[in-house]
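Feature list (source: Swiss-Prot):
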| type | residues | note |
| --- | --- | --- |
| BINDING | 9-16, 56-60, 119-122 | GTP 1 binding site |
| BINDING | 197-204, 244-248, 309-312 | GTP 2 binding site |
| COMPBIAS | 457-472 | compositional bias 'Basic residues' |
| DOMAIN | 3-167 | domain 'EngA-type G 1' |
| DOMAIN | 191-366 | domain 'EngA-type G 2' |
| DOMAIN | 367-453 | domain 'KH-like' |
| REGION | 449-479 | region 'Disordered' |
């Protein structure tokens, strides 16, 4: 998952101008009217060779909670808690204001890394304000001009170590050699989960229910969540990092630039997650976009849990559950046996089952099987259903071993692997799922010829000529 930087500050200090410079396009509406950016806006930032996610927040305004400014302040505080670091922007020409002092105190108490930037510092007009910024107690301020691009090199030097540290800490351990160490969930390496689905399926509401806090903006409007931001917490004493992704719409409907970026970030969340929770709407499950999302998670080799939301308002629960199981089996055969859990994000019912399903599928995703057990199993499978004999030449399956975990991957050494039908490979994969209790887990199976490792495979056979035979015989006699 990419490093996330939240840009915060009073209205009209240049946050949106800086955001636009970082993303290289005008995504945030820029105006001289304070408070013109009223929501979180996210983009894929490029700064020199650095790549990260940047959030443009609403202005930090000292106002009562019932006003629009109060809502903006609460939302900004959430963005700060969700981001990896905060870029606090003040106006060097205006100097430090009362609101700057109040919110500098909020940022210090957050415990998150804060970079102080004095914007509009070009020329002599900003020098006094630049010196004044030291009084905020957030360290040495960076002198920037978002409008003219000044100070960007200094910003690169400050952000680089933060981004590199976050990248090494967050990346999910996948495609691990079977000889590697067992996966141990710790606070430094929490279980990484992505919650994905169509817009308005209830992803943010579900996460708020899980973590017990109203940390994500929710509402009836589809697409209200525009970013994929990770929240670290403990769920039943298990350290987890959960990503709430923007709703993945059909491509034809993804027209806004922001939504395109959000969907892209959602896809990255899937790639960096260990377990992907595909959230369906009970009223309209298994639309084509749902199937694409689940298929993407399987192709990326992630453990998958299917969660059906809004179960509290489903009138025909028993029949609907039966239809869901049939639909899952028919439409997603590659995820045969994946956990299917019914939940209500609104009431919290079913969360205990969801937690159990996540833990079980994660353990299965890390399954290791000894070579001895695998070869005993392979012999039984061959006896029950021998491989075909295309052209009268029977394919021999000689040996099997596990090559990796996360997801489980196996290699079968055989003769003529190119002639083995796909149906027989599916027979083996389905057998692995059933006999080793790996339902719903992506399984990788590779057929290899023993000749693949033969260094002399493509060499021409050398036939000695009569002259060479004569010379060799002569050399032998001389010896």
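Just so it is clear, glycine is given a Cβ too, placed from its N, Cα and C backbone atoms.
Taking the binding-site residues 12, 57, 200 in turn and counting surrounding C-beta atoms within 10 angstroms, the largest count is reached at 57. Taking 9, 12, 15, 57, 121 as the binding-site residues under consideration, the smallest Cα distance to residue 203 (GTP 2 binding site) is found for 57. Comparing CA positions across the binding-site residues 197, 200, 311, the one lying closest to residue 57 (GTP 1 binding site) turns out to be 200. Looking at the domain 'KH-like' (367-453) alone, the prediction's average pLDDT is 91.
Looking only at the binding-site residues 197, 200, 311, the one with its C-alpha closest to residue 12 (GTP 1 binding site) is 200.
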